[in-house]
């Protein structure tokens, strides 16, 4: 046995039915030795047909031994149906020779596709269900052992060398335990996945892998799904030059209606009582995660990852951490709001407004010649009180707090993500393991050597991709201009609708509020509608750009959609925060746009309008999205089940493939991420105007986690598990939003809020703010109006800006610079003080490297000649055999005398 085999043989020992490893032999600081029973390392063996439960018959072929890896579904009209007869009659009457009908083309595509699948090594079995009007055909697909091994090497799968207990921990559980407080969030979830020492799969080294003696269970269900999907996505059904390749395009063409892996049985528990350990994985996820009663429990992330894959697991880990971090933000925001409520009675400016009576006659808010009347400032007593709730001393503190909160959240997510990527064996996935997308491989015009792996793979010229990306950028800019036109339309709507309201005695007092709220609702409708249209365009553009990997493809699509949605959702809010009321002019010299007076802020000021706009768009969007996630899937499920169930006997129990076909298609995670990131922008960029935003976000996210969990477990077909090492470009977007939030909040406080004018007045005039309201109101220039009136500006009698205005402007600019420098400095300190990788993890990685080198010191021929001997001896000629712990960072290659073996680490 060569040196490599001698090292690996130490990691695989069998004694009395136990497969074990001394943890301290591989770098653990724990002196204890843990062994795991061999029988617990794999799934149950497929039972014989006679032993199969009726509900589980649907996950195997008829022989009861070959497990269904994938199901393809297509529907055809029944030859005896009325619709089919009408088509035949019409064709016979015409007597013309025509091209093949779509049904005939689809039938031809299916036959060629299925034939190519058989050539690729897939085994298939057919089940037919007739509804009277149409026939539904289910094609069950099974990948043989040789096919699995070939694609496992192609896809760089990792295989287990040794198992050990899963060492996941939770910092909040530690804190509660140290304080001797019962932890109501903790729960014991059965069948917790084990952790494994893993390495890249090589068939030539099959005997070194754990469980290799059982071919039925060596590859997990999720691995089998990924392999079969790779085959389905790259199998042609027509001419390659026309990109007639893959199951996804066949579904788009209508040749197939669906393609999906099966769930592991029903999510409903059996009517009779059974031990929790005997529940299938889907039932475990429902009972301990997706139920509404689990809203306060820790999420079983390892179970989620085991069933759905790393990509979905990382999403729920991020969403859980984000929601947990919203708790302190929501508490502080609520306290700031309550501070405003409690101190409202001490607000001198609001009291002066309410007690002014007819002392302050204000200029009309629209042109006097169209019927707009003069009004008393005391009419805005309610608005003045409400504005204080969102514009008080606590607002400045809360803005700085939320900026630092956002930075801290991202820093701790980086730590959490590093631990999860290490724990789930995806730390180097994007750089070294990720293969080209199946669609890219099918449509790429040439093959070139990968500079990293040295392997030839499909290639698309960067110059051509750049040209396509530039063409896409033009379309994106055009769509964003369209959004700005919509915003301009909403502004004109508010101006036009406010004119008759101001003319009406009944609605005059609430004219601004009615115009603003209705305008916000119109804006929300335009936002939602334009977002749907643009996402379809962005999807086609991204496909056209031909990105090599799935990560690059998703990052490009995400960036396109977010840039548009950023302008879509935030443009109207930015307008109110920084532009509305700035270019109105003054009596006798009003600025006009299309013959209409520029829009001024309402009686309560722009900050109240900003809070209204935020509340309508943010809360309205959350309500609409949650309603869609609750109602739309149920309607789709009902229609799908009713259609499929027409041809089934009422007494018969549907098979698993039929049950899953009745579920709706899984649309992925993009919409979920987009919803949360847009929400993150609301609670950070504009939080100075709406301190209750984190509270509403927290309430929404508690519901969102349960909705998403229930959707993935109960309502949608199982998705093909995807690997991912992080949340992708979403993190860069979140980081950009944090930087923007600091600057935005600084300007909101300086420009939109009354904080600095009040502060300067306290310093120069009166510390108690007596006379502040009168000081902020200017007189209309003589002869400009039919009578003398007041308007809110720091101007002289002739309309020129006063000296106070210029001093205030200097203070505002100074405040912006000071605020953002202080917050950015503290944020940088947090970044330095909180390392991206936990210290305990770094220590373990260093210890692994040290022990690995120590283990190789006695192997002089390895140190002298690397692993060349191993490559010569092994039939496959492998030049690399990376030994890692499943999900462990620092788990690198054993090459040229360097071995890095990883050990389990706590989930920080």
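A Cβ is built for glycine as well, from the same backbone N, Cα and C atoms used for every other residue.
Bear in mind that the values here come from a model prediction, so they are computed numbers and not experimental data.
The feature domain 'Anoctamin dimerisation' is assigned by TrEMBL to 60-301.
Residues or ranges marked as region 'Disordered' in TrEMBL: 81-107.
As annotated by TrEMBL, compositional bias 'Basic and acidic residues' applies to 91-107.
Among the features that TrEMBL reports, domain 'Anoctamin transmembrane' is placed at 304-848.
A Cβ distance under 8 Å defines the sequence-distant neighbours of the transmembrane segment (315-342), meaning residues of its chain 6+ beyond its ends; these are 172, 299, 301, 304, 388-390, 392, 394-395, 397-398, 401-402, 405, 408-409, 412-413, 416-417, 420, 669, 672-673, 676, 680, 683, 687, 691-695, 697-698, 701-702, 704-705, 708-709, 727. Residues or ranges marked as transmembrane segment in TrEMBL: 315-342 (among others).
The feature transmembrane segment is assigned by TrEMBL to 395-413 (among others).
Only residues 6 or more beyond the boundaries of the transmembrane segment (473-497), in the same chain, are considered here, and those with a CB under 8 A from a CB of the stretch are 366, 514-516, 518-519, 522-523, 526, 530, 534, 537-538, 541, 560, 563-564, 567-568, 571-572, 575, 594, 596-597, 599. Per TrEMBL, the feature transmembrane segment maps to 473-497 (among others).
As annotated by TrEMBL, transmembrane segment applies to 517-537 (among others). Within the same chain, residues 475, 479, 482-483, 486-487, 490-491, 493-494, 497, 561, 564-565, 568-569, 572, 612-613, 616-617, 620-621, 624 sit at least 6 positions outside the transmembrane segment (517-537) and bring their C-beta atoms closer than 8 Å to a C-beta of that stretch.
Annotation source TrEMBL lists transmembrane segment at 557-578 (among others).
Summarising the annotation, TrEMBL assigns transmembrane segment to 676-699 (among others).
Per TrEMBL, the feature transmembrane segment maps to 727-751 (among others). Here the transmembrane segment (727-751) has Cβ contacts under 8 Å with residues 314-315, 318, 395-396, 399-400, 402-403, 406-407, 410, 413, 417, 551, 554-555, 558-559, 562, 577-578, 607, 610, 673, 677, 680-681, 684-689, 812-813, 815-816, 819-820, 823-824, 827 of the same chain, all six or more residues outside its ends.
Per TrEMBL, the feature transmembrane segment maps to 804-826 (among others).
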Per the Cβ filter (under 8 Å) with a sequence gap of at least 6 from its ends, the transmembrane segment (395-413) is approached by 318, 321-322, 325, 328-329, 332-333, 336, 680, 683-684, 687-688, 691, 694, 731, 734-735, 737-738, 741-742, 745-746, 748-749, 753, 755, 819, 822-823, 826-827, 830-831, 834, 836
